[in-house]
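Okay, so here's the structure we're looking at.
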Amino acid sequence: MNSSKSAGLAGFGVLKNATCPTEKKISVFFSIIFMTVGILSNSLAIVILMKAYQRFRQKSKASFLLLASGLVVTDLFGHLINGAIAVFVYASDKDWIRFNQSNILCSVFGICMVFFGLCPLFLGSVMAVERCIGVTKPIFHSTKMTSRHVKMMLTMVCLFAVLIALLPILRFRAYQIQASRTWCFYKTEHVEDWEDRFYLLLFSCLGFLALAISFLCNAVTGITLLRVKFKSQQRQGRSHHFEMIIQLLAIMCVSCICWSPFLVTMARIGINEGRSKETCETILFALRMATWNQILDPWVYILLRKAVLKNLYKITSGCCGVHVINLHMWELSSIKNSLKVAAISESPVSSKQINQQPLSSVGQ
């Protein structure tokens with residue numbers, strides 16, 4: 001009885017000494033806007049990825065699209081669940097004592113924050129590894145990286161993220177209400193116990209490890225593609241690799257920019273045993289930066305697609321003038337030729353004619 005009562009009131013001591021008051025109307029407004037934009041963006045990206053997956057079901061791009069769909073679906077549910085809880089907390093005047101006597105809502109909120117924070121980072125690194133294998137070991141990729149294996153990888157990543165999120169609950173450590181009284185996470189104030197520091201450092205280290213794996217694999221993939229491009233004149237089957245590596249680089253950059261402040265902040269709190277100079281406003285700003293990752297991720301697939309890039313190329317070439325195009329004739333002609341080859345190679349009607357048609361005629 002005493003243990004359940006202390007677990008139910010965990011974090012309520014923060015409410016008495018809240019040092020981070022937030023404006024209710026502004027906070028509710030931004031929470032609703034972020035949640036709405038995130039849900040709409042991820043829903044649009046899911047539709048685009050599903051249509052692309054139907055076209056490339058039997059091709060090497062299918063595994064990448066399946067992983068990308070898993071990433072966007074995770075972002076969608078992250079906005080939907082975390083956003084709904086945040087709006088409810090704001091609408092209830094952040095009175096946790098009234099609606100969270102048993103600490104269930106705070107525990108659910110904390111689990112969702114950890115899961116939907118780590119899972120997209122893990123999936124981004126898995127996508128980078130998959131593309132690296134697809135470019136450097138195409139035969140192994142075509143025989144081993146089937147849809148069944150990709151679905152197993154997605155399941156394993158999600159289960160691992162769930163395990164990390166449930167670890168404090170399994171160790172009878174309740175998630176804590178943060179000083180702003182708007183969200184729940186690991187203990188970030190007066191951290192003295194080694195286990196509380198361990199959770200903060202584990203979260204930060206896993207996040208940085210996922211970013212490091214993404215950077216390394218994307219670097220290897222990009223270097224390999226550039227070598228193939230300059231050593232061989234044969235471009236068929238390579239354009240979709242460039243499209244995917246551009247998307248992966250964009251995802252990696254967005255994740256690094258959005259998540260680095262939060263990961264660094266949690267690591268500093270864990271290393272300094274809660275005696276760091278990180279204020280509540282700093283932590284809240286880092287959290288909002290991390291939230292933007294789930295909003296920007298789907299736009300990578302919406303904007304950085306071959307059809308969109310082709311239209312942007314046409315608009316740019318029409319606006320820049322003849323002099324700029326002449327200065328960059330080699331680059332622009334190469335991009336234009338790659339786009340034309342990609343369009344022909346993806347067409348089901350002309351896929352049988354590509355091997356019979358010389359590359360010079362395709363570039364005309």
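The backbone N, Cα and C atoms fix where each Cβ goes, glycine too.
Automatic, uncurated: that is what TrEMBL annotation is.
Per TrEMBL, the features are:
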TRANSMEM  28-50  transmembrane segment
DOMAIN    41-301  domain 'G-protein coupled receptors family 1 profile'
TRANSMEM  62-90  transmembrane segment
TRANSMEM  102-129  transmembrane segment
TRANSMEM  150-170  transmembrane segment
TRANSMEM  198-226  transmembrane segment
TRANSMEM  246-271  transmembrane segment
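Long-range contacts of the transmembrane segment (28-50) within the same chain: residues 65, 68-69, 72-73, 75-76, 78-80, 83-84, 86-87, 90-91, 291, 294-295, 297-299, 301-302, 305, each at least 6 residues beyond the stretch ends and with a Cβ under 8 Å from a Cβ of the stretch.
Between the transmembrane segment (150-170) and the transmembrane segment (102-129), the number of CB pairs under 8 angstroms, six or more residues apart, is three or more, so the stretches are in contact.
Long-range contacts of the transmembrane segment (246-271) within the same chain: residues 68, 71, 117, 120-121, 124, 127-128, 131, 186, 188, 191, 197-201, 203-205, 207-208, 211, 214-215, 218, 221-222, 278, 282-283, 285-287, 289-293, 296-297, 300-301, 304, each at least 6 residues beyond the stretch ends and with a Cβ under 8 Å from a Cβ of the stretch.
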